[in-house]
Amino acid sequence: MDDWKMQQGNLGPEADDAYDDMSMLDEARQPLSRKVPIASSKVNPYRMVIVARLLILAFFLRYRILNPVHDAIGLWLTSVICEIWFAFSWILDQFPKWFPIDRETYLDRLSLRYEREGEPNMLAPVDIFVSTVDPMKEPPLVTANTVLSILAMDYPVDKISCYISDDGASMLTFESLSETAEFARKWVPFCKKFAIEPRAPEMYFTLKVDYLKDKVQPTFVKERRAMKREYEEFKVRINALVAKAQKVPPEGWIMQDGTPWPGNNTKDHPGMIQVFLGQSGGHDTEGNELPRLVYVSREKRPGFLHHKKAGAMNALVRVSGVLTNAPFMLNLDCDHYINNSKAAREAMCFLMDPQIGRKVCYVQFPQRFDGIDRHDRYANRNTVFFDINMKGLDGIQGPVYVGTGCVFRRQALYGYEPPKGPKRPKMVSCGCCPCFGRRKKDKKYPKNVGNENGPSLEGGSDSVFSLVFSPTYCFFNPLTLNFIYTCGAAVEDDKELLMSQMNFEKKFGQSAIFVTSTLMDQGGVPPSSSPAALLKEAIHVISCGYEDKTEWGSELGWIYGSITEDILTGFKMHCRGWRSIYCMPKLPAFKGSAPINLSDRLNQVLRWALGSVEIFFSRHCPAWYGLKGAKLRWLERFAYVNTTIYPFTSLPLLAYCTLPAICLLTDKFIMPPISTFASLFFIALFLSIFATGILELRWSGVSIEEWWRNEQFWVIGGISAHLFAVVQGLLKVLAGIDTNFTVTSKTTDDEEFGELYTFKWTTLLIPPTTVLIINLVGVVAGISDAINNGYQSWGPLFGKLFFSFWVIVHLYPFLKGLMGRQNRTPTIVVIWSVLLASIFSLLWVRIDPFVLKTKGPDTTKCGINC
């Protein structure tokens with residue numbers, strides 16, 4: 001009726017205002033996000049081709065198994081084993097992409113619901129973690145830009161706390177952070193006044209775009225010029241600190257007050273916490289409050305296991321739980337700055353959504369990178385993984401955690417299970433008839449709760465903290481570390497059971513304040529706690545022995561046991577029944593740097609692959625872990641199994657890449673002569689492979705060049721980094737030989753893409769170079785043999801040449817990386833590769849192990865002319 005009256009113009013201005021208020025209220029009640037399924041015209045043909053390819057693959061493998069090559073049985077058996085493994089690996093990779101989806105967020109609805117005018121801001125607080133280790137490999141200027149982008153993000157300043165973990169206890173990082181805090185007083189108001197993007201100054205001032213677009217304030221040009229000058233002066237100060245840190249004084253570093261720097265011995269130092277910006281004194285040049293900025297360096301002592309990055313992140317979880325205790329946490333690498341100032345709001349559209357947010361453990365954003373060459377020679381962008389695989393997982397139980405750019409729910413990291421939905425009510429009988437329903441039970445009341453006038457706890461009121469929930473109250477006794485939930489005079493059965501079964505001291509550690517914070521779902525710190533007491537407790541929770549005999553690293557926080565702690569951490573949450581969300585805003589939320597030269601890229605892939613091998617041989621292997629609870633969906637389990645076994649594909653891949661060269665050198669075949677009917681299956685198999693890739697690109701939006709780069713580097717990494725990861729993983733499991741990894745350098749070359757041509761020696765280069773040379777030798781030998789034997793030998797040669805060229809084309813980016821800018825390959829690589837290829841080829845031709853030996857006629861019986 002109101003709509004009709006509005007059309008007739010019969011409602012007055014007061015009614016118009018009321019109508020607008022009603023419309024805004026209705027808008028605020030709408031969902032904060034929605035799931036956008038891929039169009040059926042795109043995804044249904046894709047699924048049909050997958051099924052067809054699966055059937056064709058089954059017929060192909062059946063044909064290969066039932067038709068052996070008797071005169072080269074070894075080659076045939078090797079090829080069949082490789083093909084079976086490739087089919088198994090493809091199934092694990094393909095079927096988790098069966099339900100791809102997109103998502104949309106509604107930031108305006110988020111503001112209408114939680115940021116109403118005239119009312120307190122109800123957006124949830126967020127603790128942001130940034131981790132760094134070595135300032136010489138992770139330049140302080142890069143870390144400073146990340147911190148500045150965090151402090152200037154579009155979110156209420158009283159709800160942001162930034163924690164910097166300095167796991168190298170470097171005075172350079174400490175002093176750089178102090179300079180960053182001072183510069184932030186000028187940078188943050190400039191960003192918010194003119195709404196600039198991105199809010200990392202280095203990236204903003206180097207953008208090759210029209211920075212006057214959409215700017216209407218006359219003072220913008222003047223203030224931008226002044227701010228750029230301020231930033232250049234800031235860079236000079238940071239560079240001076242870096243130059244000073246190049247040479248360590250014999251007596252160690254001395255702070256400005258004359259005292260020795262506590263972290264002079266990086267392996268033996270106390271815990272350090274410094275609040276640079278906070279509630280008191282943290283204001284910008286215009287008098288506005290700034291977000292909290294905290295420096296943290298955990299204690300390190302000889303004889304203790306520190307668990308590298310996972311241990312540092314767990315220390316930040318405890319420190320933030322004591323000081324601010326925000327219900328959500330965002331973790332970033334030091335080189336990943338906030339590119340979209342509304343990134344936290346994007347995540348809150350899922351985590352604070354009343355409909356889906358309660359069961360979401362984290363929101364993962366895709367990784368995007370700066371400074372990569374236009375052709376992305378070594379597939380640094382990982383577009384196929386982030387734009388195809390992760391979208392597929394989002395349609396099942398959520399994407400895997402990839403180590404950075406992720407907003408966590410704190411309660412999920414604490415090992416709690418997701419809240420259960422309302423159960424179907426059971427039929428209750430009076431008890432007189434045992435055949436129907438269940439007998440009604442009287443409610444149980446715990447001991448020492450008190451009467452209906454109020455609760456009473458042993459130890460008196462002085463030993464009790466009261467934490468207010470809605471509508472439940474939690475009382476904590478620090479002497480016994482026991483918790484009792486009351487609701488009026490009655491105690492909820494489920495909460496009482498949970499509290500009675502849980503030993504908080506064993507679970508969270510011996511800190512009464514921190515244990516108290518773990519039960520506060522909405523975050524916050526006890527109002528009666530003083531800042532000095534909280535800082536003292538924060539120092540305690542980052543001590544070396546705090547995690548002893550607790551569940552940190554096994555059930556809580558970042559999980560230990562692998563150098564890829566991110567996969568393990570997300571896997572444990574999914575096994576508890578949580579789901580995750582994949583958020584892809586149009587403007588990328590975060591951007592970072594990636595190693596673009598060949599050696600660093602291979603070492604990065606080696607680290608990831610070794611972590612997967614460690615998980616495979618651990619008790620957390622996804623093939624069997626969590627089967628009892630059955631809270632992990634099967635397609636999600638397929639994806640996790642694939643993340644742990646993909647390095648083992650290097651063994652059949654290496655064999656398959658050398659088979660064409662072996663066939664050319666020995667003039668043998670791995671397949672028998674095929675009939676016309678069988679050839680149809682081969683053609684159908686190749687067509688299904690191409691059709692799957694094309695349809696995948698169609699619904700995902702990935703370009704064919706990105707897909708091809710991913711295919712090339714899959715081969716390059718498979719026969720180098722993945723192979724070494726399997727060998728090192730087996731050595732670690734069987735012989736206990738561990739491997740130390742260094743942090744990937746984040747330094748950049750002064751010349752654009754100069755790092756792309758930098759060559760660094762590593763043994764990872766030898767296997768691909770050897771395979772490349774063997775195939776080139778095989779091609780030359782095969783063509784020479786065909787020329788000598790005449791026209792009839794060219795037909796069988798084409799099949800062998802096809803697969804050899806397939807290997808060479810996939811290794812082409814590797815060949816360009818070896819040549820470098822000057823088209824020169826280091827002598828040591830050439831010598832070792834040619835030597836290995838020559839020895840291998842000569843021995844193979846001489847021994848011919850995979851060819852069946854046939855005996856000739858007996859000349860003693862039939863004579864010399866037989």
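Every residue gets a Cβ built from N, Cα and C, even glycine.
Noted in TrEMBL for the protein shown:
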type	residues	note
ACT_SITE	D167	active site
ACT_SITE	D566	active site
BINDING	S131, K137, E138, D167, K308	UDP-alpha-D-glucose binding site
BINDING	K309, D333	Mn(2+) binding site
TRANSMEM	45-61	transmembrane segment
TRANSMEM	73-92	transmembrane segment
TRANSMEM	645-665	transmembrane segment
TRANSMEM	677-695	transmembrane segment
TRANSMEM	715-735	transmembrane segment
TRANSMEM	756-777	transmembrane segment
TRANSMEM	797-815	transmembrane segment
TRANSMEM	827-847	transmembrane segment
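The structure, with features from TrEMBL marked on it.
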residue: S131; record: UDP-alpha-D-glucose binding site; contacts (Cβ under 8 Å, 6+ apart): S165, D167, K309, A312, M313, L316, N331, D333, C334
residue: K308; record: UDP-alpha-D-glucose binding site; contacts (Cβ under 8 Å, 6+ apart): D167, I563
residue: D566; record: active site; contacts (Cβ under 8 Å, 6+ apart): V400, Y401, V402, G403, W558
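With a cut-off of 8 Å between Cβ atoms, the residues of this chain six or more beyond the transmembrane segment (715-735) that come close are 378, 602-603, 605-606, 609-610, 612-614, 616-617, 646-651, 653-654, 657, 763-765, 767-768, 771, 807, 810-811, 813-814.
Most Cβ pairs under 8 A with the transmembrane segment (73-92) among the ranges 45-61, 645-665, 677-695 are made by 645-665. Within the chain carrying the transmembrane segment (797-815), a Cβ under 8 angstroms from the stretch's Cβ atoms is held by residues 377-378, 598, 657, 659-661, 663-664, 669, 709, 711-713, 715-716, 768-769, 771-772, 775-776, 778-779, 782-783, 785-786, all 6 or more beyond its ends.
Put simply, the two farthest-apart Cα atoms among S131, K137, E138, D167, K308, the recorded binders of UDP-alpha-D-glucose, are 16 Å from each other. Summarising the environment of D333 (Mn(2+) binding site), the number of other Cβ atoms within 10 Å of its Cβ, over all protein chains shown, is 24.
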